[in-house]
Amino acid sequence: MRLRLAGAVLLSAAAYYVYLPLPSGVSEPWKLMLLDALFRSFMQASDVAHALGVCHRIHLLNHVVSWVEEIEARSCPAVHVTDTVLGGVPTRVFQPKGGKQLKRGVIYFHGGGWALCSGRMRSYDHLCRKMAEDLDSVVMSVDYRLAPDAVFPAQYHDALAASRAFLSAEVLERYSIDPERVCVSGDSAGGNLAAAVAQELSSDDALTVNFKLQALIYPVLQALDFYTPSYQQNRDVPILYRPIMARYWLQYLGADTSLEPLLLANNHSSLDQPALSNSIRSKLDWTALLPAERRKHFQPVVRETGSPRVMGEVPQLIDVRAAPLLAEQGVLGRTPKAYVMTCEFDVLRDDGLMYVRRLQDAGVTVTSDHYEDGFHGCMVFAYLPMMSKVGWRSMNNYIHWLDQNL
């Protein structure tokens, strides 16, 4: 009897910890709840270790990720897989066996808030392996440096160096890549890096080869407004909570994480900030850039007075290499044809949708692929153990778009 009672109590406690009220439209809510409970457990354990001075919270999380997810480079009958260095940056290369003599080429940047994950993770290995096989394409998955050991612009410089090497005649020839059919892509923080790289290289007239496409998967593109409609609507929706995104930004920019409450209050983008011109503000004015069905009933939060010290301490907040949404229209207009995936239940939804609009206004052809039942990170959860239905659907549509356009 006592064992039954204890079991019932433990089961109830576990259910209470796992259960989370979710929007009715989100795909497979119980799977998302279980995934979130797992993530929260790791995050809370890492916070305790950090507070006790055992190690940095990010280091512990990455150790766990490495132990659970990282796998060796293993070839299969359809794809040859190797680990190498691209522009001085560790990279996993996926080469299809057979097929056409000249291959398409994709350089891919993984997500993880510029601090977590790796191209050697099982989920990214599966994704890139499938891309290589389905597209008959050479896929290079880049392991750029991570925060807190490296901060902006280190990640950007790694992504740029790897991309320049990827586009070099030597690499194109070595891997039999068609120079007319190359793409830069990435998800989340990797989507940020892909967008920034596309902007920089499309403006480099010295390059003889450049990207034909940019494919951005739920990208993070700005840190000036944490009250966009998607930040307001999805503030309590896993797996990317609003405070976590603010923390990732501060870690990436090498700033004091104690500034997090000021960012979350939009005190850093108040009207008394001299560094924020009307031109900068217009580039993320969601009241003008988002369609009515995304603005919904939400209202902008713009403080009259804020905390001027934030912009003084973290001027990188308006550096376009960190925040590609802030780029000038002339720069955007030179970037390649684009694909932008967004998810309804994602705080970053509006970053992507605003970028779609700004690219279109600059004359770029854009495919906006929006998932009404999607959540942040869903595509990389297409495989076991989660086997997300929206993840599988979005991954197949992403690869199909590349097949049709690259």
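Heads up, the Cβ atoms here are built off N, Cα and C, so glycines get one too.
Just so you know, TrEMBL annotations never went through curation; they're auto-generated.
The active site annotation in TrEMBL covers S188, D346, H376. What TrEMBL records for 106-264, 319-379 is domain 'Alpha/beta hydrolase fold-3'.
Structure with TrEMBL features highlighted.
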residue	record	CB count, 10 Å
S188	active site	29
D346	active site	27
H376	active site	25
Compute the C-alpha separation of S188 (active site) from H376 (active site), stating it in Å without decimals.
8
D346 (active site) versus H376 (active site) - Cα distance in angstrom:
5
Could you tell me the mean pLDDT over the domain 'Alpha/beta hydrolase fold-3' (106-264), as a whole number?
97
